[in-house]
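Reviewing the structure listed below.
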Amino acid sequence: MAIINLPVPTNSSSEVNKHNHLRSCLPSGRATFTTLSAAAMRSATMAAANVREQSGQKQQLINRRSGNYEAPLWEFDYIQSLKNEYAGDIYVSRANELKEQVKMMLDEEDMKLLDCMELVDGLERLGLAYHFEGRINRLLSSDYKAIHEGNHQRNKEDLYAAALEFRIFRQNGFNVPQDIFNDFITEDGEFDESLSEDTMGLLSLYEASFLSLEGEATLDLAREFTTKHLNNYLGKENTDQNLRILVYHALELPLRWRAPRIEARWYIDAYERSPNVNPTLLELAKIDFNIVQAIHQQDLKHVSWWWKNIRIAEKLTFIRDRIVENFFWAIGAVFEPQYGSCRRMLTKVFALITMIDDIYDVYGTLEELELFTDAVDRWDVKAIDQLPDYMRVGYLGFFNSINEMAYDALKEQGVHIVEYLRKVWADLCKAYLQEAKWYYAGYTPTVEEYLENAWVSMSVPVMLMHAYAGVTNPMNKEAMDVLDTHDIVRCSSYLLRFADDLGTSPGEMKRGDVPKLVQCYMKEAGCSEEESREHVWFLLRETWKKMNKDSEWAESPFSKTFVTAAKNFGRVALVMYQYGDGHGLHSNPEAKDRILASLFSPVPPA
């Protein structure tokens, strides 16, 4: 049965024209918080007045909403009981031996171009490239130079090789034009139909097409052409089973959109089934994955202790108690062993975001939310006195945790970041408050209003300000001054927003949440839900084209590690929301299985 979760149009130019007005709604510039229309504001004000009147009557109970969230799947005692033999020296020693063998492969002289591309591709997909970044860059630089000097000849008849070369170079920051695919296009401007029998070539071109930039029509055409024929391949009988699995996986989500750590676990199994498996790479991939998993488990134990001791979930029983899922976001963003302190900090940040989100979305009255927003904006512990009792535990736990993170940065780098953190957290709460006002007013925002607020309410500026502090040494004022409104942050926010809205919108609307982008566009365009979802997928693809501008990000004040983390947040969002809400609900078995494989289940030895 063919699978295609990503709606693909039949005509690239007509698609762009059809969606142009929606794409123009993607705002740019500093965050602003839109005001309601006069009528909507009057309605919201009346709603707030009603709440205030009710709160003044001590005997009157407030009718609060409920998210009906289940208890956590992984309890504190289970997490603390985790033991992992791969933390021992014997496995680290064996991994070091294997890494030396891989270095010899990378240093081999006169390696054929295709062999080089396949080796680098294997290392990247198996999650091993971080060990060999310097060697990989030198190897690709040498090959790139040789191509331009005419010492490497491209095979103009091998679609698989051409597309693999294009993808590996582009995803490593080298400028390769889409024109290299002109040799596979007929005089009428279409890809040669004879290529439809070359399934490996189609798969390679399909993956390459998702590294497209804005305006690259050839790659848009390649995506449509390959998607059509790969789906046809799945509809055939008696096909190669291993290739069939690879095609199915790619059509489910392209490699460019997959979180590297989660993809590595899947690809280890796929690679083991390959007839061209390299035993050294396979053994190293298995051992390294398990060693890193052992490190991640220690990080998880640490944040689990913090979450239990802060007692927020115990006191605020209406929130999502999801410390493992929060940690999964962190390893999806930065999995490398050396970033343990960043993962721990990000997990705490995600847990606090989840708490605050549930206060605004589910439990708080409009008056209470205005008080909480003011307290965060003032960043004053004395503001706790104005809050209702249930908010005080959450506010103080939040306030102390963020100040402690700022203190760590001051202690370790001598950089005072509390004002930067205060601003992004205050902006987040203001965006949440805007959504609450829309809800109480019964107001459906325009697409432009929604997106201008939603890229902030998705909390990515908060995540990435903390991530910057976690992966950058030394931090610099230039980067922090522009971070919360930089294009890389806005694009990352949109990727999360689109994935979140596509995955959780039905459940949240049932609960009584503010309309999401799908509903906003349905109302504005007068279209069906299916058509609206297709629009959102289009926006997601267009945003990835902006994210693919690696040469531009290289000129930014941010490190490659930070830019990768920004992309990875968008990738993890697709993992978490691909089959529904994998963060808040337990009804998404695929997300649960991915968490189990990444965090709790070692890869079986060869």
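A Cβ is built for glycine as well, from the same backbone N, Cα and C atoms used for every other residue.
When the candidates Arg320, Arg533, Arg541 are compared with the (2E)-geranyl diphosphate site entry in Swiss-Prot, which names Asp357, Asp361, Arg497, Asp500, the shared residue is Arg320. Each of the binding-site residues Arg320, Arg497 was scored by the number of other CB atoms within 10 Å of its CB, and the largest score is that of Arg497.
Take the CB of Asp357 ((2E)-geranyl diphosphate binding site) and look out to 10 A: across all protein chains shown you find 19 other CB atoms.
Site extent for (2E)-geranyl diphosphate: the farthest pair of Cα atoms among Arg320, Asp357, Asp361, Arg497, Asp500 sits 19 Å apart.
In this view, Asp361 ((2E)-geranyl diphosphate binding site) is surrounded by 21 other Cβ atoms within 10 Å of its Cβ, with every protein chain counted. Listed in sequence order, the residues of the same chain lying 6 or more apart from Asp500 ((2E)-geranyl diphosphate binding site) and placing their CB within less than 8 Å of its CB are Met458, Ala573, Tyr577.
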